[in-house]
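Peer 1: Sharing a structure, written as structure tokens. Questions coming.
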Amino acid sequence: MKNIKEDLVENVVELRRQIGIFQGISVVVGIIIGSGIFVSPVGVLKATQSVGLSFIMWFVTGLFSTLGAVVYTELGVTIPRSGGEYTYILETFGVILAFLSLWITFCVTGAVSCAVNSLVFAEYLLRPFFLTCDIPRSVLHLVAIWALLTLSFINCYHVTWATKLSIIFTTCKVVALLLIISFGSYYLAQGNVISFRNSFEDSAFNPGALADAFYQGFWAFAGW
């Protein structure tokens, strides 16, 4: 009987623990700081047509994201099981809705998110080579597909490679944000505040523009 139990224990298939604390932090931070923060500010400003209204939309989207994060915190404490949204919907609404939610996330939401991230990466990678003209859409799409397939291969081939790449990308994103904040603060300290004069002039208050601005801003906070 003892030998049978030992054989069962030895034959259990489980994932090896290859992600340490530092790699885990880099993955989480990389998820929180997505591509939205580098793209959304332009979209919010274009939709609102004014600096003042864009700041209000950033506050509103930040408030909604904070409330969502608090709700997820309470769900995590109430249902202390792994699985994220799937587990919460499974416990609350049952198997069918949980199954549909999982597959919608896998086939639609996750796929679209990966596609957008790869397009943003391609845009920033190619922009230095097309400073005076638009990037050809075919070139942009090819580079985005190449980036997506390369990262997919790395994630499938070896976990260690994926975590090391995640550390590099997360570091680059944090450094980029720090540079943006530093240069922006320096620019304001020089007295360049003309954008804040009549900051609500020409604001677009129509529902379509506000919805567009809200969606763009909410994308930047999607990491919660």
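Just so it is clear, glycine is given a Cβ too, placed from its N, Cα and C backbone atoms.
Note that TrEMBL annotation is computational and uncurated.
Okay, so TrEMBL annotates it like this:
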- 20-39: transmembrane segment (TRANSMEM)
- 51-73: transmembrane segment (TRANSMEM)
- 93-126: transmembrane segment (TRANSMEM)
- 138-161: transmembrane segment (TRANSMEM)
- 167-189: transmembrane segment (TRANSMEM)
Peer 1: Sort out the residues at least 6 away from either end of the transmembrane segment (167-189), same chain, that have Cβ-Cβ distances under 8 Å to it, and list them.
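Peer 2: Sequence-distant neighbours of the transmembrane segment (167-189): 22-23, 26-27, 29-30, 33, 37-38.
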Peer 1: Under 8 Å between C-beta atoms and at least six residues away from its ends: which parts of the chain pack against the transmembrane segment (93-126)?
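Peer 2: Distant Cβ neighbours of the transmembrane segment (93-126) are 34-35, 38-39, 85-87, 135, 139-141, 143-145, 147-148.
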Peer 1: List, by number or range, the same-chain residues at least 6 past the transmembrane segment (138-161) whose CB is under 8 A from its CB atoms?
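Peer 2: Sequence-remote neighbours of the transmembrane segment (138-161) are 18-19, 114-115, 118-119, 121-123, 125-126.
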